[in-house]
Amino acid sequence: MSSSKIAVLYGSETGNAQDFAAILSHKLNRLHFKHTFSSLADYKREDILRCRYLFIVCSTTGQGELPRNVYETVTGDQKNTLWTFLKKKKLPADFLNHIKTAFLGLGDSSYPKFNYALRIIHNRMVNQLGAKEIFDRMEADEQSMAGSNKGTGLGIESVYFEFEKRIITYLMDRFPTRKVGNEIIQREEIDKELYLEPITYLRIDDPHDQQSFSGGPTTFVGDKLIKTGTITLNKRITAKDHFQDVRQFTFESCDDIKYKPGDTVALYSYNTDQSVERMLECQPQWIPLADKPLSFTNGIPTHLLDGGVVQPLTLRNLLKYHCDFMSIPRSSFFLKIWTFATDVTRMERGEEQMKDQRQKLYEFATDEDMQELYDYCNRPRRSILEVMEDFLSIRLPLEYLLDFFPPIKPRLYSISSTANCNNIELTVAIVKYKTILRKIRTGVCTDFISKLKVGDKIRYKIQQNDLIKEEYRSNPFVMVGPGVGLAPLLSAVRSKVSPEMSLYFGCRFKDKDYLHGKELEDMANQGLIKFYPVFSRDRENSPDTKYVQDVLWKFGEEVTNLLVERKGIFFLCGASGKMPIQIRLTLLEMLKKWGGFKDDASAKEYLRSMEKEYRYIQETW
């Protein structure tokens, strides 16, 4: 069976869907099922005609939108993708009837459009183009309150492993044997001790060559969409004694740019030199080769193209600019590295300790409930680097570096500045906290941002989200944004998206984290906006309200009139989890009390109609 007959495709914004798809791909490889593994956007659309078995894992982002790598390739092409092709109206209703398929959606039921992206893809492929499902679509919920794990208390991984089990059982039932040369043999799993070499990997051009690149300038090639900005302001706007450092971060674009309120900036950060040195110390066999020129055996891996590939291509530069070893490892990381726990020379207890480490890494890779992995990695927020420091028996071949470590992905930040202004302003909360291990943790990108100085350069892209529709610019806007959720709303009020804007902002203290408070009060005094701040830990300045939903309820009759009678736009931004759920519940009660809706069902239906009309906008993270 050729690799074009089976495809494992993913649509992933944060990496979860991609990781589960990678685990499935790994399992299929070990069973000798040749297949294509790719994002939906980077899958060659002509291959869909040869494909017979298609497995899709997809998450949902934003307002029930498709992840970007469903409709845009790593090089920024949106015209020649599979999804663009499948949306063509002229395609016949039986266009995909040659394909057997299965779908897994990863979602969070606290969002209004739970697993909406996968449902869009499923509807088009199955209901409209005739693909045949092997089994019913599966949907996993982070909250365990909806989808395939509703009420079970089990996480999304339980749904994934059931999805995987059904696919492998299906394929093994139909293809129990395989052809090797002229012989038909039983299909059996490859020895778990054997590492599966990736299609393309690194090659040391000449390890004995005296040429090396150390400390010289770097450039990036292969991504024409990347832009460069110059830092003009990096100012803390919370009090020094406040627990959170929030920055007013501004950079001037070197190019003419266009963006609207609700659009985001993708920033390309990199690891510190100190963390790179720590990684090299974990793998001392790499040190003599760290600055030697490298090349690829079979072309540049697709995932490196976003942002461009660093030049000169050396191990040190790859670790600094491309390898996200400061991230929390996913189970696919352990699947690939456990077999390389072979170095007994650094074990105090010798071979016995090495075997213990090897066994523990294998358990992290294969444990289906993932509880041990969660306790070891996720709860203490342990990084890949720290895993490598804990398990010194790991001795990784340099050649497969990019198969072991995930790529550093750009981080997305909502724009705060006025539309199309060449001075792009962001409102960034610096991630820094202590874990249960009492260790300080920092975010790779926000730590990078916190250290930038005026005059430094930064690499970025603008991502246009089209959250605010032009036809609604005359409608009233009701905007809710606790904390740094203010960022896109600040862009909206500065850009005057509507002649009638109400802004509900929440923070802890008026004198500590009242972000852009004076500017917003000045706008309110000038009659440009109605501004309703609330301070959850400051009873002196907020005596009768605590959270933004309390202020919404206080002015509930007015807000309901704006949303129902005057077809207003509701724009909610901030942290995902409890906040958006509480806001939505408050709106439902307001609609029943002041909007003329007699029960939950009719109020919920009105909110759904607002979503369909793009009048209910939720941007949470």
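Every residue, even glycine, has its Cβ placed from backbone N, Cα and C.
Features as listed in Swiss-Prot:
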- 6-168: domain 'Flavodoxin-like' (DOMAIN)
- 12-17, 59-62, 106-115, Glu142: FMN binding site (BINDING)
- 224-489: domain 'FAD-binding FR-type' (DOMAIN)
- Arg381, Arg411, Leu412, Tyr413, Ser414, Gly443, Val444, Cys445, Thr446, Trp621: FAD binding site (BINDING)
- Ser536, Arg537, Thr545, Lys546, Tyr547, Val548, Gln549: NADP(+) binding site (BINDING)
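Of all Cβ atoms in the shown protein chains, 21 besides its own fall within 10 Å of the Cβ of Gly62 (FMN binding site).
Reduced to three states, the DSSP call for Thr446 (FAD binding site) is helix. The C-beta environment of Ser414 (FAD binding site), restricted to residues of the same chain at least 6 apart in sequence and closer than 8 Å, consists of Gly262, Asp263, Thr264, Leu426, Thr427, Ala487, Pro488, Ser491, Cys573, Glu619.
Nearest neighbour of Tyr547 (NADP(+) binding site) by Cα distance, taken over the binding-site residues Ser12, Ser59, Asp108, Phe114, Arg381: Asp108.
On a Cα basis, Leu412 (FAD binding site) lies 17 Å away from Ser59 (FMN binding site).
Here the binding-site residues are Val444, Val548, and the one with the most other Cβ atoms within 10 Å of its Cβ is Val548. When the Cα atoms are compared, Gly62 (FMN binding site) and Leu412 (FAD binding site) turn out to be 12 Å apart.
Cα of Tyr111 (FMN binding site) to Cα of Gln549 (NADP(+) binding site): a span of 17 Å. In the three-state DSSP scheme, Ser414 (FAD binding site) is classed as strand.
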